[in-house]
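Engineer: Grabbed the feature section from Swiss-Prot, which reads as follows:
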BINDING   Lys66, Arg69, His98, Arg115  isopentenyl diphosphate binding site
BINDING   Asp105, Asp109  Mg(2+) 2 binding site
BINDING   Asp105, Asp109  Mg(2+) 1 binding site
BINDING   Arg114, Lys200, Thr201, Gln236, Asn243, Lys263  dimethylallyl diphosphate binding site
SITE      Tyr137  site 'Important for determining product chain length'
Amino acid sequence: MRIPNVFLSYLRQVAVDGTLSSCSGVKSRKPVIAYGFDDSQDSLVDENDEKILEPFGYYRHLLKGKSARTVLMHCFNAFLGLPEDWVIGVTKAIEDLHNASLLIDDIEDESALRRGSPAAHMKYGIALTMNAGNLVYFTVLQDVYDLGMKTGGTQVANAMARIYTEEMIELHRGQGIEIWWRDQRSPPSVDQYIHMLEQKTGGLLRLGVRLLQCHPGVNNRADLSDIALRIGVYYQLRDDYINLMSTSYHDERGFAEDMTEGKYTFPMLHSLKRSPDSGLREILDLKPADIALKKKAIAIMQDTGSLVATRNLLGAVKNDLSGLVAEQRGDDYAMSAGLERFLEKLYIAE
């Protein structure tokens, strides 16, 4: 996939004159026309950004702390040996992109809560929240391009912008088809569902790895993308499971909230395939908020062996990950020690 030359020219010009900005550190365009009513135009731009990015700032504060994505990027760098400032730059881009995507996801999923607090659109409204999320998508692209220009010039910057665009397209394809399945009440096959997870959930981590490996001084061309992809898939399958089974998850998102949102998850799809006439589909189509009805649906999934099947699939992905990590590290166990510690904390106990 290629970014149009006219867009790349625009990006190059922006990198030179610094005419954009955001919370991500990119400079905002100053007003072109000034009529003398107010000479504090720099503060005007800053004030506007602060206002329009309030939903994003709210999530960044709500989700603060050393995230799994930050830890993972540093674990991957143990294989690559890249400068710390480069890893920090890529990690910040991934974190900002993740938080921005949550703003949009929570609107599209009609989620009322995020980490036990009101979702951003419940607090700031749909329009401002959506605009903030979309704005950060573009400011992150600018940050990625600037990082590439600063480190390796136009060739590296263009490669990073291309990779960012490719993965963002895949992410939106995954999110889009999940919404289509939900709104059309058309459950996908299990294979289709896993492919969607690769696009949507695995893609963000794969983006981070691909951006890291754009550094002009990278020597180790380890194929870490497959590892990143499977970690993302494992994360979502794990969420599918704990959404139905974990009381702490219920406290933060609501009991079996995936059902209320109308989502199809792996345990649901497995159960529908095993027993099409169990009554589960009729319950799911109601997008139930009633706890008793949700418990009935979970009981059906237990009867069809779907919760056990979910754990078995998680075990299979875990085995795949172990094999891929061993393949990339060779005999250098120290190289993969951080990643393996991370994975052990991620895995559901067998």
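Cβ from N, Cα, C; glycine included.
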Engineer: When the Cα-Cα distance from Asn243 (dimethylallyl diphosphate binding site) is computed for each of the recorded positions Arg69, His98, Asp105, Arg115, Tyr137, which gives the smallest value?
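Structural biologist: Among Arg69, His98, Asp105, Arg115, Tyr137, Arg115.
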Engineer: Expressed to the nearest Å, what is the distance separating Lys263 (dimethylallyl diphosphate binding site) and Arg115 (isopentenyl diphosphate binding site) at their Cα atoms?
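Structural biologist: Cα of Lys263 (dimethylallyl diphosphate binding site) to Cα of Arg115 (isopentenyl diphosphate binding site) measures 19 Å after rounding.
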Engineer: Where does Arg114 (dimethylallyl diphosphate binding site) sit by DSSP, helix, strand or coil?
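Structural biologist: It is in a strand.
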Engineer: Cα-Cα separation of Asp105 (Mg(2+) 2 binding site) and His98 (isopentenyl diphosphate binding site), in Å?
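Structural biologist: Here the two Cα atoms are 10 Å apart.
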Engineer: Of these binding-site residues, His98, Arg114, Arg115, Lys263, which scores lowest on Cβ atoms within 10 Å?
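Structural biologist: Least crowded of the binding-site residues His98, Arg114, Arg115, Lys263, by Cβ count within 10 Å, is Arg115.
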Engineer: Tell me which of the binding-site residues Arg69, His98, Asp109, Lys200, Gln236 ends up closest to Tyr137 (site 'Important for determining product chain length') in space, Cα to Cα.
Structural biologist: His98
Engineer: Round to a whole number and give the Cα-to-Cα distance in Å for the pair His98 (isopentenyl diphosphate binding site) and Gln236 (dimethylallyl diphosphate binding site).
Structural biologist: 14
Engineer: By CA-CA distance, flag whichever of Arg69, Asp109, Arg115 among the binding-site residues is nearest to Thr201 (dimethylallyl diphosphate binding site).
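Structural biologist: Nearest by Cα distance to Thr201 (dimethylallyl diphosphate binding site): Arg69.
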Engineer: At its widest, how many Å does the recorded dimethylallyl diphosphate site span between Cα atoms of Arg114, Lys200, Thr201, Gln236, Asn243, Lys263?
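Structural biologist: Of all Cα pairs among the recorded dimethylallyl diphosphate binders, the widest measures 19 Å.
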Engineer: Between Gln236 (dimethylallyl diphosphate binding site) and Arg115 (isopentenyl diphosphate binding site), how many Å separate their Cα atoms?
Structural biologist: 16
Engineer: Could you state the CA-to-CA distance between Arg69 (isopentenyl diphosphate binding site) and Asp109 (Mg(2+) 2 binding site) to the nearest Å?
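Structural biologist: Taking the Cα atoms only, Arg69 (isopentenyl diphosphate binding site) lies 22 Å from Asp109 (Mg(2+) 2 binding site).
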Engineer: Roughly how many angstrom lie between the C-alpha atoms of Arg115 (isopentenyl diphosphate binding site) and Lys200 (dimethylallyl diphosphate binding site)?
Structural biologist: 20
